[in-house]
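**Q** Can you read through this structure? Questions will come right after.
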Amino acid sequence: MNVRACAAQVIYQVLEQGRSLTDALAAAPNKLDNPKDKGLLAELSYGALRWLPQLDCLAQPCIAKPLKGRHRVLHHLILVGIYQLKHTRIPAHAAVSETVAASRQLNGKAFSGMINAVLRTIQRQADEPSSWPAPTVEYAHPNWLIKALQQDYPEQWQAILAGNNERAPMWLRVNQRLQTTAGYQHELEQAEIAAQTADAGPDALLLAQPTDVTRLPGYDQGWFAVQDLAAQQAAHLLPKGKQLKVLDVCAAPGGKTCHWQEANDNQLAMTAIDIDAGRLARVQQNLQRLQLDATVLTGDASTTDWWDGELFDAILLDAPCSATGVIRRHPDIKWLRSKADIDALAKLQSQILRNIWQMLKPQGILLYATCSVLSVENRLQISDFLQSQADARLVPINPDESIEMPGWQILPGQQQMDGFYYARLQKLDKS
Ligand SMILES: C[S@@+](CC[C@H](N)C(=O)[O-])C[C@H]1O[C@@H](n2cnc3c(N)ncnc32)[C@H](O)[C@@H]1O
């Protein structure tokens, strides 16, 4: 299948069927006429979802009768066409002719003249309208999220929205048991792949260009993992020590499980649980590839069904969240999440946190993490916990933290990191 037709189908699956972009893209490459188009497929699908309201706004005045039902995919194809014209260096004539050709593969032969006319009209228009009709179009975010960010970040909301619309960089985490960071940087140099180290992460390398992992040296040998620098902070905020009995809650696909073990020379007595057995298979694969060990259990963290009653020295709770900190990596989140989801997630986070707390030893540390930027999932959640849980105390990560303003909120784009939140808590002895 033509790559534009494939991208239109991916977008259709996300917007009309609620499938995640990651899942839709993972299934799509076998359909491509040319497997080398995998990168372009991702670029078109990401780009169209990133700029969706603006592309729609440009398309709508040119479409006399909305494309609905089984022809809806042709609307998404038009957006793919406009995205190429406005956001890529693909020559306009190729963008238009290939997009029109794709319409035939999507049973849209009868509409190919109309699609050609729409794209030609947009090609002739000036670069961008001088103003967009509404904030949701201007910032390419849903209204509820713009409002939530305005409320939480009166000074920074526009920078956060802009950061969300950036392309995400590719960070690697070097497996220190098998390679040093400098040693692996040298291996990359030998392969003519440029990468730089980071002050905020001793194990991290930032690639100058995102690259297919299979092109990077030592993937099969487990020399590195792909992991954003913000996610790499967890292992450094968690306790270290041989034979500590530790729990990683909501662990799949195991990025932080593996890093925590790497930072402790694989000596932690680690249990990793997740509710999703399919995603847990990826934890096993990652442990195996990186040459690490953990006991992996399927379990619902809001219950105790899977727990043998033994207390843990330390717990990482990477809670299920809105993922509003990683929109630059998953632009579909903007269109798949709703305000009601956030309320339900905040409730679930509180339930899991309170349930897991009983599994922590006195003096033990719990690190709460989310890849969200919304205070209801982060600061407010932890502040509420600290105020209601007599045996919990805040162990500040940064000196300016307080019970009212606990934790470390990383905003998307800060030091090229994803948006993330961490709060460190300690259980007090019973008095
Ligand atoms: C943010 S992801 C975890 C990422 C992971 N910690 C890592 O670093 O690779 C959140 C995980 O929570 C899991 N999850 C959601 N609800 C859960 C529940 N009630 N109990 C256990 N796991 C849950 C999801 O399946 C998902 O894998």
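From the backbone N, Cα and C atoms, a Cβ is placed for every residue, glycine too.
Just so it is clear, the model here is predicted, and its values are computed rather than measured.
Copied straight from TrEMBL:
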ACT_SITE  Cys371  active site, nucleophile
BINDING   Cys250, Ala251, Ala252, Pro253, Gly254, Gly255, Lys256, Asp274, Asp300, Asp318  S-adenosyl-L-methionine binding site
DOMAIN    160-428  domain 'SAM-dependent MTase RsmB/NOP-type'
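Looking at the shown structure, what environment does each listed feature sit in?
**A** Cβ environment of Cys371 (active site, nucleophile): Ala230, Ala231, Cys321, Ala323, Thr324, Gly325, Val326, Asp418, Gly419, Phe420, Tyr421 lie under 8 Å away, each six or more residues apart in the same chain.
Counting only same-chain residues six or more apart in sequence, the Cβ atoms lying under 8 angstroms from the Cβ of Ala252 (S-adenosyl-L-methionine binding site) belong to Ala272, Asp274, Asp276, Arg279, Leu280, Arg282, Val283.
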**Q** Grab the pLDDT values for the domain 'SAM-dependent MTase RsmB/NOP-type' (160-428) and give me their mean, rounded.
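**A** Mean model confidence (pLDDT) across the domain 'SAM-dependent MTase RsmB/NOP-type' (160-428) is 97.
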**Q** List nothing but the largest Cα to Cα distance in Å, as a whole number, among the residues Cys250, Ala251, Ala252, Pro253, Gly254, Gly255, Lys256, Asp274, Asp300, Asp318 that the record says bind S-adenosyl-L-methionine.
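**A** Among the residues the record ties to S-adenosyl-L-methionine, max Cα distance equals 19 Å.
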